[in-house]
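Down below is the structure, laid out as structure tokens.
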Amino acid sequence: MIQHLALDALQRHLAGSPLYGWATSLPAQIAARIEEGHGDLARWWSAVQRLPQVPAPKVELAQRFALHSDHDAALQAQVKEALQGLIPWRKGPFDFFGVQVDTEWRSDWKWERVSPHVELRGKRVLDVGCGNGYYQWRMLGAGAESVVGVDPNWLFLCQFLAAKRYLPELPAWHLPLALEDLPEKLEGFDTVFSMGVLYHRRSPIDHLLALKDCLKRGGELVLETLVVEGDASTVLVPEDRYAQMRNVWFLPSVAALELWLRRAGFADARCVDVSLTSVEEQRSTEWMRFQSLPEFLDPQDRSRTVEGLPAPMRATLVARKP
């Protein structure tokens, strides 16, 4: 499996950069992770391998993720069967040769909110908590030189490799690692994204410091997270669950988040978007059949979660490493 992560190509790409030493250490580190394995990894990897090996003569990444070809319905059925072996699909949507993977999240809506505020042309990008890589492909579509994603979830890796199977030459890599597995003071990326991660961290300031460690001087952080209304002293800490999620720790106000960024040593922090998450943006589908946002909100008052807390509101902030 490890050869399909294209770590040799990543090393070649990073040769001569501050990241090259790190890249040379990755094969041993990831081989150890694969050795640890996961009970479903063999099944998921088998689904990836069932995808037909056909060319994708036309690829769309700028406006959406879509692979096009002139292949017939039999090929579409084969593609769909393999991709269904990777359910649930959380982030997307994807179009694989006419097979529409209608994911739980309309991640394209978030990208439409975020991308106008970030210049990625020619940039070396790190996407922390990259999920199945949907945003990595869209970042390439926005002109990024290369995108490395880190996420320890094996299903997400296999979903990424399903797309990579048809885009082997594109400079996108998914590493089955957590941010904590990266070396300190990496300082090699022009832009670092952390979207939908901060509220899962027990120590949000430490997360911001670790993100800063990955950036070059002058590099840019793009931070997207759950927020609440309030001033710089407002932070919501759920008593137990938030929207049925157990692993949610801190929901700051935008002003508090800007303060956290300054305390972590970032400069020029600014909020570029605040949006309530709608039940059209996050919902159950054929490709993600479990409960989703409509079930996590109070049926009598959609402005509250089932726990009586403010409904999900997300902010995107951009800041610079001095």
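Numbering starts at 1 and runs along the chain as it is shown here.
Glycine is no exception: its Cβ is also placed from the backbone N, Cα and C atoms.
Over in Swiss-Prot, the protein carries these features:
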- Lys91, Trp105, Lys110, Gly129, Leu179, Glu180, Met195, Tyr199, Arg314: carboxy-S-adenosyl-L-methionine binding site (BINDING)
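Listed in sequence order, Lys110, Val114, Asp127, Gly129, Tyr135, Val222, Leu223, Glu224, Thr225, Thr316 are the same-chain residues at least 6 apart in sequence whose CB falls under 8 Å from the CB of Met195 (carboxy-S-adenosyl-L-methionine binding site). Spread of the carboxy-S-adenosyl-L-methionine binding residues is 26 Å (greatest Cα-Cα distance among Lys91, Trp105, Lys110, Gly129, Leu179, Glu180, Met195, Tyr199, Arg314). Within the same chain, the residues at least 6 positions away from Lys91 (carboxy-S-adenosyl-L-methionine binding site) whose Cβ sits under 8 Å from its Cβ are Thr103, Glu104, Trp105, Ser107, Gly131, Asn132, Tyr134, Tyr135, listed in sequence order.
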